[in-house]
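Quick look at what TrEMBL lists:
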REGION    15-52  region 'Disordered'
COMPBIAS  27-52  compositional bias 'Basic and acidic residues'
DOMAIN    131-158  domain 'C2H2-type'
DOMAIN    159-186  domain 'C2H2-type'
DOMAIN    187-214  domain 'C2H2-type'
DOMAIN    215-242  domain 'C2H2-type'
DOMAIN    243-270  domain 'C2H2-type'
DOMAIN    271-298  domain 'C2H2-type'
DOMAIN    299-326  domain 'C2H2-type'
DOMAIN    327-354  domain 'C2H2-type'
DOMAIN    355-382  domain 'C2H2-type'
DOMAIN    383-413  domain 'C2H2-type'
DOMAIN    414-441  domain 'C2H2-type'
Amino acid sequence: MSVITWEVDADHILISKQRSSSPLDQDLPKGVEIKDEPEPRTTETEDPEPRVIKEEQIELCIFQDEGQVLDGPEQQQMMETKKEPDPVEIKQEQEELCGNQDKEQPNVFEFCGNSFMQHNHMIPQADEKPFSCLTCGRGFNKQYNLTVHMRTHTGEKPYPCELCDKSFRRSNDLARHIRTHTGETPYSCQFCGKSFNDNSHLTIHLRTHTGEKPYSCEVCGKSLTDSSHLIKHMRTHTPEKPFPCLTCGKGFTAQSDLTVHMRTHTGEKPFTCLVCGKGFIQKTTLSYHMRTHTGEKPFPCDLCDKSFIQSSDLARHLRTHTGEKPYSCDLCDKSFRQSSDLARHIRTHTGEKPFSCQTCGKGFTKQNNLTVHMRIHTGEKPYSCEACGESFTVKFSLTKHKFHMRTHTGEKPYSCDMCEKSFRENNDLTCHMRTHTGEKPYSCELCEKSFRWRNFNKYTFCLAENSPLV
């Protein structure tokens with residue numbers, strides 16, 4: 001009985017298909033030599049002798065998918081005849097690595113062992129992050145993602161915009177930016193028709209309609225619509241503020257917040273209103289400002305008939321109904337509805353005036369006060385009367401002016417629903433309504449008498465003494 005020996009290169013796997021015990025029944029590929037060799041006599045307990053690869057070798061370069069062996073002309077095209085100077089032995093240990101052979105075809109050796117595992121290892125699983133940042137330790141599942149991440153440390157921005165001086169870390173960031181120049185907004189909301197220049201922005205926007213908030217804080221349970229919002233929120237639970245301002249030292253939880261803050265030092269206002277020409281340091285602030293021109297107030301109060309331009313304005317307003325004052329001063333017993341009110345109040349204890357005029361050096365506790373003060377130097381008067389054209393530096397002055405204008409024009413735009421009286425100011429109407437409702441919200445501190453108007457309790461007659469009290 002004869003056996004078929006296919007001699008192959010040592011770097012490849014020996015593959016043989018034996019359809020018959022007789023060599024004459026087989027179609028042999030060219031270059032295959034049939035040799036009559038005596039069958040080795042072995043017992044069941046003996047270890048097999050190592051195979052010897054002869055000098056005349058056939059290289060079977062078989063690259064297979066899912067364990068399929070190439071047959072026919074494809075196999076013949078991939079066969080070459082080579083000669084090696086020295087015979088190479090396939091040792092028993094190497095044969096044991098190929099232990100995943102098909103039992104029905106004992107002579108067919110497939111890719112397995114170390115070679116196969118290393119090939120699969122190059123394709124990381126979903127939860128694997130084999131690429132780590134040497135600077136911060138963050139892991140990534142792709143080399144490309146690590147390369148892009150490293151640019152946050154190096155500051156490299158290899159994708160410049162040809163229409164302005166901005167550069168970006170990723171090509172798709174540049175593509176999104178280009179749409180800010182072209183005005184293209186190809187992603188539209190099917191509910192309200194609003195369009196966006198990026199699909200991710202549309203996805204986040206849709207959650208305002210569906211109410212979905214898939215990102216939850218593990219500390220307080222608060223849910224948010226965007227992962228970036230969650231990252232910023234998580235830093236409110238820790239003192240971590242990794243982005244400091246090099247000018248004033250103030251720290252921020254996000255790079256974007258620092259970028260906006262720097263504009264308060266530089267005076268840059270890159271977002272301009274096309275209606276009135278007013279500039280803003282943030283795009284969102286411009287969006288809110290545009291609603292003052294359109295009259296849009298998309299956030300209504302469920303407890304009264306008021307509506308608001310921003311959701312934060314509505315949240316603050318709701319506290320006037322609930323009486324909630326969640327921001328407490330640690331130095332006294334006062335509480336406030338807004339965090340900004342608490343911050344300003346703290347300065348009354350510390351005497352801090354962080355907002356300074358660069359022209360005269362005067363300091364202020366609030367940014368708004370500095371803004372108004374700067375108009376003294378610039379001569380800016382942004383509030384104009386539509387009737388006479390007179391301009392003012394602050395909005396209150398314009399309101400006061402309009403009130404006096406009504407004394408000349410006789411205009412009384414605020415009417416009582418319960419009688420025929422009209423008033424020049426809304427506050428006058430509010431006080432008048434108390435004559436119908438009987439409400440007296442102002443009480444005397446010395447006696448129990450109540451009044452409809454605030455100034456009545458300053459000089460009252462105490463009923464017990466029947467004498468004026470100052």
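Note: Cβ is positioned from N, Cα and C throughout, glycine not excepted.
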Residues of the domain 'C2H2-type' (327-354) by DSSP state, where helix covers H, G and I: 12 helix, 4 strand, 12 coil
Helix, strand and coil counts within the domain 'C2H2-type' (131-158) (DSSP): 12 helix, 4 strand, 12 coil
Contact set, same chain, for the domain 'C2H2-type' (327-354): CB under 8 Å, 6 or more residues outside the stretch: 248, 316, 319-320, 363-366
Long-range neighbours of the domain 'C2H2-type' (299-326), counting only residues six or more past its ends (CB under 8 A): 288, 291-292, 335-338
Surrounding residues of the domain 'C2H2-type' (159-186) on its own chain - C-beta under 8 Å, 6+ positions past either end: 148, 151-152, 195-198
Averaged pLDDT score, the domain 'C2H2-type' (383-413): 81
